[in-house]
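Visitor: I have a structure here, written as structure tokens, and I will follow up with some questions on it.
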Amino acid sequence: MLVTGIEILRHAHENNYAVGAFNVNNMEIVQAIIEAAEETNSPVILQASQGGLKYAGVEYIAALGKLAAHKAKVPVALHLDHGTNFQQIMLCIRHGFSSVMIDGSKYGLEENIAITKKVIEVAHAVGVSVEAELGKIGGTEDDIVVDEREATFTDPKEAKIFVDETNVDYLAVAVGTAHGVYKGEPELDFDRIKTIKEMVNIPLVLHGSSGVPDESIKRAVSLGINKINIDTDLRIAFATAIKDFLADNPDNIDPRKILGPAKKAMKEVIKKKMELFGSVGRA
Ligand code: G3H
Ligand code: 13P
Ligand code: ZN
């Protein structure tokens, strides 16, 4: 069933576990996620990035996501990932997304608060929940020096002001993760997660969660992370399975035979993540 993001994440917040938010770009990825969620009885979030919307188009993503959610035996939210444009966010809401992200992280605090409030006013009026971001979750440049890196992290005092002023449903925090493939091992600032959680007391979101060691993910969840974004680990599973299949079957030209193993490989990765996040059996 299609539900709002906050319906899923409030339960996770109150019961101290996290729900996976997996990036979707095509039918096979959607099916892999939904099958994994149903087989583990786990709530789940399907999310579309800027790249995903550009690739598939909002109509296709919305139709696929809504069909999958309506057919699913578990709660599913359809979420816009890293929305930055008010018009696009409204378009997604109009197409039936049940959750949207307004990523104002490139702005200063006041401007981020202002654009987040603008989105929330409309989204909440039509029952759609909202994620915002405070601090900067970057790419994987590891040549950035520690002081500069920490300067981009979420400030707990600012987080409190931000949440009080915006009434945002869940907040993405910058605590040491980065999008894409890590060059070294990511170091998370666990004390910062704990402090932010104590100060804001709402579901927290971890971006750039692919490639983060399992023990770090577990600790982050125990300290208050409730939504965990995964894209790169699915891309790796997808591409590796296709390369392996074609290496073994160089003459095969059937898209179903080529994509079948990729879907299965993604599903296995997703099920393991669901176990790690603690969402298994929570549907
Ligand atoms: O947040 C970023 C995601 O990994 C999606 O990236 O815009 O290339 O789909 P994308
Ligand atoms: P990864 O690609 O590093 O898993 O990050 C995904 C993400 O944060 C999407 O918003
Ligand atoms: Zn992200």
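Keep in mind that glycine also has a Cβ here, set from the backbone N, Cα and C atoms.
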Visitor: With His179, His207 listed by TrEMBL as Zn(2+) 1-binding, which of these, His79, His82, His95, is given for the same site?
Guide: His82
Visitor: Check TrEMBL: it lists Gly208, Ser209, Ser210, Asn229, Ile230, Asp231, Thr232 as binding dihydroxyacetone phosphate. Then name which of Gly176, Gly180, Gly260 it lists for that same site.
Guide: Gly180
Visitor: Please report the DSSP secondary structure of Glu133 (Zn(2+) 2 binding site), reduced to three states.
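Guide: Strand, per DSSP.
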Visitor: Taking the centroid of the Cβ atoms of Gly180, Gly208, Ser209, Ser210, Asn229, Ile230, Asp231, Thr232 (dihydroxyacetone phosphate site), which other same-chain residues have Cβ within 8 Å of it?
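Guide: Leaving out the recorded residues gives Asn23, Thr177, His179, His207, Gly211, Asp233.
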Visitor: Out of the binding-site residues I have (Asp103, His207, Asn229), which ones have their Cβ sitting under 6 Å from ligand 3?
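Guide: So the answer is His207, Asn229.
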Visitor: Rounded to a whole angstrom, what is the C-alpha distance between His207 (Zn(2+) 1 binding site) and Asp81 (active site, proton donor)?
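Guide: Rounded to a whole number, the Cα-Cα distance is 10 Å.
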Visitor: If the dihydroxyacetone phosphate binders are Gly180, Gly208, Ser209, Ser210, Asn229, Ile230, Asp231, Thr232 per the record, what's the largest distance between their Cα atoms, in Å?
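Guide: Comparing all Cα pairs, the maximum is 11 Å.
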Visitor: Under a three-state reading of DSSP, tell me whether Thr232 (dihydroxyacetone phosphate binding site) is helix, strand or coil.
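Guide: Looking at the DSSP assignment, Thr232 (dihydroxyacetone phosphate binding site) belongs to a helix.
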